[in-house]
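What follows is a set of notes on a single structure, which appears directly below.
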Amino acid sequence: MAPKSSNFFKRYGYDLLLGSIAAFYVIMAPYTKVEESFNIQAMHDILHHQHHLDNYDHLEFPGVVPRTFIGALLVSVSASPFVLAMRLLHMPKIYGLLVVRMGLGCIILYTLKFLRHQIRIKFGHQVEAFFVILTAVQFHLLFYCTRPLPNILALGLVNLAYGYWFKGHFYAALNSVIFATIIFRCDMLLLLGPLGLQLLLTKSVSLWNAIKSCITIGLLSIGLTILVDSIMWKRLLWPEFEVFWFNSILNRSSEWGTHPFHWYFTSALPRSLLAAYPLSLLGILVDRRVRSFILPIFSFILLYSKLPHKELRFIISSVPVFNLSAAIAANRIYNNQKKTLWKFLFFMMMGLILISLGCTIITFMASYENYPSGHALQELHQIGLANDTKEQWVHIDTFSAMNGISRFCENGSPWRYSKEENIPLQDFRQRNFTFLINEHPANDGFKCLFTCPWVLKDSPSAWLPTNFTG
């Protein structure tokens, strides 16, 4: 019995570790924010409205730029048996939110497993072990891997690309990045360029075969997204082309804030990598193979730094390669720890890993409180159960809808919800709403039931209480 148990953990231990951490994050912080709103609403509508497109959220609230339905369809299909079972058992829809997020996490972690397998073959099982340890003590990769962001959907394909790259299947690596670029994130073009250039310069691919391969997968990808998304959006559409035009040609993304050129290197990478950041720099020095892998990733971030609007999630796809470089350095330190200098580095490394774990715990505690509207609606549902009013009609303002509330958070009859925008404060009293969830400290004709606190972040003036009145 013991050998079977040992073989099980030897085969699936890393998957269980990373999967358990990601699942913990989902359960403890299930709600989503505005960046995830399109995909999470799309998953809800696919699962609950199926072919009744007129009921879909995106037609009423299209957002600034359109996004593809392909990722939402993939996750929804995989989650549909579980959601169907929950509906038959009359379970609240919020459990469906957990299911789709865990389903997405399984997809991303499966692609990470493929990458890990290639790391083990190319660099050894100890490097894979350190890769897993460094990933586990980081916050952002495992926290984000279940969040339905276009960047995360692209990350799955980029993980496959890295795995094919290490495996020597260079055309498959290029095709994976091209598909990610055309379907999910047009900015993956900034990774495709350096990666393709390196493969050409190292004669890993021929120019003519690369062009043929890229054109073929490019046309197929464009055809797929136009076919699917034109149906779902009810107009001829290639979503990522419109995103590219909006962000890059019109440079409208800067309206959401800007950061200096060095921000990715001095803020985003240190926060996302933690101990792996200094270790990744050491890895470049101790193993020549790392330099060929890290150069396209470094170039990707350098090119991205020229765009004024910056967010950590934009470069999340670079984290696995930095972790690989760090794991190679950690393995070198571990194998040479009996030598005086390396022993000192070993103790420093262990200290950095413990510090990373502490930072991850603190960051998670802050993130847990970062979805106040979701917690607020959940508490409001509890209050509504004790209310004698037959119909419970809730108005959710834009601010609250952006910070934790999705259609998965809604209950069935007798609850109804409105996200109607631009209602003057004085008109709420005339609209017969049972409850309000909004950012205003006072509403004439309503009394405050409770206030959900916010965690301060970046600009304190931007984080106001979410008040419930009824």
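Including glycine, each Cβ sits where the backbone N, Cα and C put it.
Note on the transmembrane segment (12-31): residues 94, 97-98, 101-102, 105-106, 109, 112-113, 116, 128-129, 132, 135-136, 142-143, 145-146, 364, 367-368, 370-371, 373-375, 404-406, 409 of its chain, located 6 or more positions outside it, place their CB under 8 angstroms from a CB of the stretch. For 12-31 (among others), the entry in TrEMBL reads transmembrane segment.
Same-chain residues lying 6+ beyond the ends of the transmembrane segment (69-89) with a Cβ under 8 Å from its Cβ atoms: 39, 42-43, 46-47, 95-96, 99-100, 103-104, 106-107, 148, 150, 153, 183-184, 224-225, 228-229, 232. Marked as transmembrane segment by TrEMBL: 69-89 (among others).
TrEMBL lists 94-115 (among others) with the feature transmembrane segment.
If one looks beyond the transmembrane segment (127-145) by at least 6 residues along the same chain, the residues whose Cβ comes under 8 Å of a Cβ in the stretch are 14, 17-18, 21-22, 25, 29, 104-105, 108-109, 112, 116, 119-120, 151-152, 155, 271-276, 279, 312-313, 316, 319-320, 323-324, 326-328, 330-331, 334, 353, 356-357, 359-360, 363-364, 367. Residues annotated as transmembrane segment in TrEMBL: 127-145 (among others).
The transmembrane segment annotation in TrEMBL covers 152-172 (among others).
According to TrEMBL, the transmembrane segment annotation covers 178-201 (among others).
For 213-233 (among others), the entry in TrEMBL reads transmembrane segment. Sequence-distant contacts of the transmembrane segment (213-233), counting only residues of its own chain at least 6 positions beyond either end whose CB sits under 8 Å from a CB of the stretch, comprise 53, 56, 58, 66, 68-70, 73, 171, 174-175, 178-179, 182-183, 196, 239-240.
Distant neighbours of the transmembrane segment (261-285): 134, 137-141, 291, 294, 301, 304-306, 310-312, 315-316, 318-319, 322-330, 332-333, 349, 352-353, 355-356, 359-360; these residues of the same chain sit at least 6 beyond its ends, with a Cβ under 8 Å from one of its Cβ atoms. According to TrEMBL, the feature transmembrane segment maps to 261-285 (among others).
Under the heading transmembrane segment, TrEMBL lists 346-368 (among others).
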